[in-house]
Number of protein chains: 2
Amino acid sequence: MVQVVVDNPIGMHVVLDLYECDPQILDDIERIEEILTEAAEVANATVIDKRFHKFSPQGVSGVVVVSESHIAIHTWPEHGYAAVDVYTCGDHTMPLKASEYIIRELKCKRPTLVKLDRGLLFKG
Amino acid sequence: MVQVVVDNPIGMHVVLDLYECDPQILDDIERIEEILTEAAEVANATVIDKRFHKFSPQGVSGVVVVSESHIAIHTWPEHGYAAVDVYTCGDHTMPLKASEYIIRELKCKRPTLVKLDRGLLFKG
């Protein structure tokens, strides 16, 4: 019998749909950038680049590229909603810790979270 | 009786784990940038920024920020594997078309795809 073994996933992707956040924070590009940058640190990831944009009349998008993948946010202050992705690779990273940090800092009262294993390789 | 209606999702996020891609393409930062930029066009999204990085000894990460969210890629040429996210908002965008384009251009022989509704609001 051939043994089939699924190896550890290459990455963990935490998909956060965050409802009932503080709309003022969601529309504050400087604060959003601070939160995502700090989140990368909480995840123990290494920031290599970041880009943030403010939309008119409202909303912010931002991506922090880390050596271990990326953290991204898109906000809709008018709905109190933020879509966040915390996607990191490597045993040293803690994407759930970063997710908890982001939920708290956005003052989110109704977070939803899905964890996805990314990159499942077969051994043997 | 109170009627509860789930509105259309704010965004559609296509999560692609692409196995058995062409390793040479996965390690070619210029080609990867071309493919993702073209994918944004295929999706009918508007590029507002893009960042690409080459890792040593191998691998590429890239994010194309579009007005309608983002398209991201992280590649592991040594595994023939690429993690791709095509996440767009608005009825005018076609994230699945962009996904098909990326699968073809990476010469992927074993694509996996999950569609996620992002941002479900309740009406009424």
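Each residue, glycine too, has its Cβ placed from N, Cα and C.
Summarising the annotation, TrEMBL assigns active site, schiff-base intermediate with substrate to A:SER69. Look at TrEMBL and you will find A:SER69 tagged as pyruvic acid (Ser). Among the features that TrEMBL reports, active site, proton acceptor is placed at A:HIS74. The annotation active site, proton donor is assigned in TrEMBL to A:CYS89.
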Notebook entry, point to check: Near the residue listed as 'active site, schiff-base intermediate with substrate', which residues of its own chain have a C-beta under 8 A away, given they sit six or more steps off in sequence?
Noted result: A:GLY11, A:HIS13, A:ALA45, A:TYR87, A:THR88, A:CYS89
Next item on the list: Mind giving me a neighbour count for the residue listed as 'active site, proton acceptor'? Other Cβ atoms within 10 Å of its Cβ, every protein chain shown.
Entry: 27
Check: What kind of secondary structure is the residue listed as 'active site, proton donor' part of, going by DSSP in three states?
Finding: strand
Next item on the list: Would you mind checking how many other C-beta atoms are within 10 angstroms of the C-beta on the residue listed as 'active site, proton donor'?
Entry: 22
